[in-house]
Amino acid sequence: MVQSLKLGLCHLSTLKVICEPPEIGALSFGKFRAMSNKQSSSPPLNGNAVKGSSNGNGNLGDDAKNIENMTVQQLRSKLRDVGVPAKGSKDELISALRRFLNLNNGECTTLLEEVEMENVGKRSSKRISRKDHLLNELNIEAYGSKRGKRASETSGEQLTSSSKTYRKEEISVESHQMEDARDNEVQLKVSVKAKRKVRLKNDSLNDGTTDIVDSSVSQSEPWTVFAHKKPQDGWIAYNPRSMRRPPLNENTNHLKLVSWNVNGLRALLKLDTFHALAQREKFDVLCLQETKLQERDVEAIKQSLLDGYEYSYWTCSISKLGYSGTAVISRIKPVSVRYGLGISDHDTEGRLVTVEFDDFFLLNGYVPNSGDGLRRLSYRVTQWDPSLANYMKELEKSKPVILTGDLNCAHEEIDIYNPAGNIRSAGFTFEERQSFEANFLNKGFVDTFRRQHPGVVGYTYWGYRHGGRKTNRGWRLDYFLVSESVASNVHDSYIVPDITGSDHCPIGIILKL
């Protein structure tokens with residue numbers, strides 16, 4: 001059988017078939033065995049038949065004496081014509097051609113086997129190394145990776161063997177091992193596909209960072225899902241069920257203040273959520289931003305508002321109708337009310353209402369967004385923020401100050417789901433964050449939520465475009481900043497993430513008086 005295999009493989013057509021690139025290593029060995037069986041039933045050919053095969057330029061035997069004088073191009077042409085790889089230096093090409101011419105001396109099988117094993121070995125090594133790389137990347141520890149590694153080591157040893165002959169049993173074993181490696185590759189592909197499905201379901205975005213999403217939490221409360229692209233040790237998701245402090249007793253004098261960017265008040269009033277918030281929270285003062293009302297709409301809106309809140313104060317944009325707008329709705333009559341900053345350049349968009357109570361000033365603000373292309377970034381950080389900060393410090397000379405509203409800045413990386421992907425997005429630029437810190441935090445105003453929850457990921461805004469609310473991929477843009485002198489009086493600073501109807505959710509504080 002082995003002798004028939006050796007002699008049969010010397011046929012030129014057989015040589016060309018074997019040297020063709022197989023699709024899978026295991027199949028090449030199967031082809032090798034099948035062909036050997038087929039050739040063993042054919043009359044054997046002698047070495048002269050091969051030696052005298054024509055290449056179109058004459059007889060190889062005629063050129064045997066002139067091999068040393070051939071050019072590299074001629075040597076490669078001769079080798080390609082007989083189906084032998086034609087790569088390497090001139091000495092290597094000469095050696096390969098001489099070995100072919102010596103096929104009649106019994107070296108046919110050796111040459112064919114070495115050529116075939118070299119080609120299969122290269123392809124198998126590339127495939128297995130690629131598989132091992134994927135396994136390491138996905139950190140898969142299933143039995144498939146162990147079998148794949150074992151198959152790689154075994155096949156590598158056998159494919160680089162210097163043995164001159166291969167018994168039928170050896171070829172059969174090698175074939176099974178390659179099939180084993182192929183099976184593991186299929187298992188790997190299934191594993192990778194499943195892994196990718198999970199990633200696509202959970203993500204985002206693939207920007208080289210780790211997408212941490214705890215999907216074990218019920219999707220009926222997506223705000224409790226810990227979602228962050230760059231998590232730090234100790235960070236946890238905000239859960240109002242467990243993190244809101246218990247209510248104060250009736251003997252403790254206090255006020256509950258709530259703020260909400262409603263993103264269009266008329267549309268919100270058509271829903272039940274506005275009244276549901278009032279019934280559940282029972283706030284004393286409600287601050288609204290982005291009402292998008294015109295002055296002519298205010299009186300009609302007042303008639304449809306909440307019972308028991310007799311005092312409301314509205315400011316609307318006059319430079320761009322149906323844009324911006326803020327309001328304060330209160331059950332307590334304030335001492336005084338002011339609109340804007342008192343600077344004409346800042347007071348045409350209805351962005352600020354100040355109400356004075358006995359113990360503090362409450363400012364309801366809607367800070368300008370830097371906009372697409374950051375076209376208003378310079379105005380925001382060089383004019384608006386400093387002017388607002390100076391105004392607050394002037395008020396603070398007589399009473400503590402509380403600033404609330406949509407301040408359009410995620411101050412730190414913990415305040416935004418994807419910090420790396422938004423470093424030049426409005427609301428998270430270095431300039432805005434630095435301005436927020438320099439004009440407010442460094443001037444003695446305290447971020448009440450962050451002081452109470454230093455390592456908690458809690459968002460207040462989720463964009464509609466990518467359905468961020470369903471996966472809790474948001475920003476914390478809404479704040480209560482208070483004078484340091486009353487920071488210790490803040491009993492609770494919290495987020496109300498389950499209230500829908502806007503791309504923002506309400507926030508609140510309970511202030512002991």
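Here the Cβ of each residue, glycine as well, is placed from N, Cα and C on the backbone.
What TrEMBL records for this protein:
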type	residues	note
DOMAIN	67-101	domain 'SAP'
COMPBIAS	166-182	compositional bias 'Basic and acidic residues'
BINDING	N261, E290, D406, N408, D503, H504	Mg(2+) binding site
ACT_SITE	Y366	active site
ACT_SITE	D406	active site, proton donor/acceptor
SITE	D478	site 'Important for catalytic activity'
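Counting other CB atoms no more than 10 Å from each candidate's CB, the recorded positions E290, D406, D478, D503 peak at D406. Long-range Cβ neighbours of H504 (Mg(2+) binding site) (same chain, at least 6 residues apart, Cβ-Cβ under 8 Å): W260, N261, V262, N263, D406, T460, Y461, L477, D478. Counting every protein chain shown, the number of other Cβ atoms lying within 10 Å of the Cβ of N261 (Mg(2+) binding site) is 25.
Within 8 Å of the centroid of the Cβ atoms of N261, E290, D406, N408, D503, H504, where the record puts Mg(2+), the same chain has further Cβ atoms from N263, Q289, Y366, Y461, L477, D478, S502.
Secondary structure counts, DSSP: the domain 'SAP' (67-101) has 25 helix, 0 strand, 10 coil. Sequence-distant neighbours of the residue listed as 'active site' (same chain, 6+ residues apart, CB-CB distance under 8 A): N261, Q289, E290, S324, G325, T326, G350, R351, L352, G405, D406, N408.
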